[in-house]
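Engineer: Dumping what Swiss-Prot says about this protein:
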- C10, C13, C29, C32: Zn(2+) binding site (BINDING)
- 10-32: zinc finger (ZN_FING)
Amino acid sequence: MHSRFVKVKCPDCEHEQVIFDHPSTIVKCIICGRTVAEPTGGKGNIKAEIIEYVDQIE
């Protein structure tokens, strides 16, 4: 299991945020509240556009 952080773009408001690709809780957009990722017991169900995989968070 290789866990990573990903930068995603919300399909509703186009806000970009960095999330964990194996979430243990529902992840919502911090601007509009739309669900962008759901837990599945492993790799999450990402419901937003994945822009890039992040190696380091600045």
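FYI, residue positions are counted from 1 along the chain as it appears here.
Positions of Cβ are set from backbone N, Cα and C atoms, glycine also.
These numbers come from a predicted model, not from an experiment.
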Engineer: Long-range same-chain neighbours of C13 (Zn(2+) binding site), Cβ under 8 Å, sequence gap at least 6?
Structural biologist: C29, I31, C32, R34
Engineer: Out of C10, C29, C32, which of these binding-site residues shows the lowest number of other CB atoms within 10 Å of its CB?
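Structural biologist: Taking C10, C29, C32 as the binding-site residues, the minimal 10 Å Cβ count falls on C32.
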Engineer: Same chain, not part of C10, C13, C29, C32: whose C-beta falls within 8 angstroms of the C-beta centre of the Zn(2+) site? Give them in sequence order.
Structural biologist: P11, D12, E14, H15, I30, I31, G33, R34, V36
Engineer: Of the residues in the zinc finger (10-32), how many are helix, strand and coil by DSSP?
Structural biologist: 0 helix, 7 strand, 16 coil
Engineer: Which whole number is the mean pLDDT over the zinc finger (10-32)?
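Structural biologist: Overall, the zinc finger (10-32) comes to a mean pLDDT of 97.
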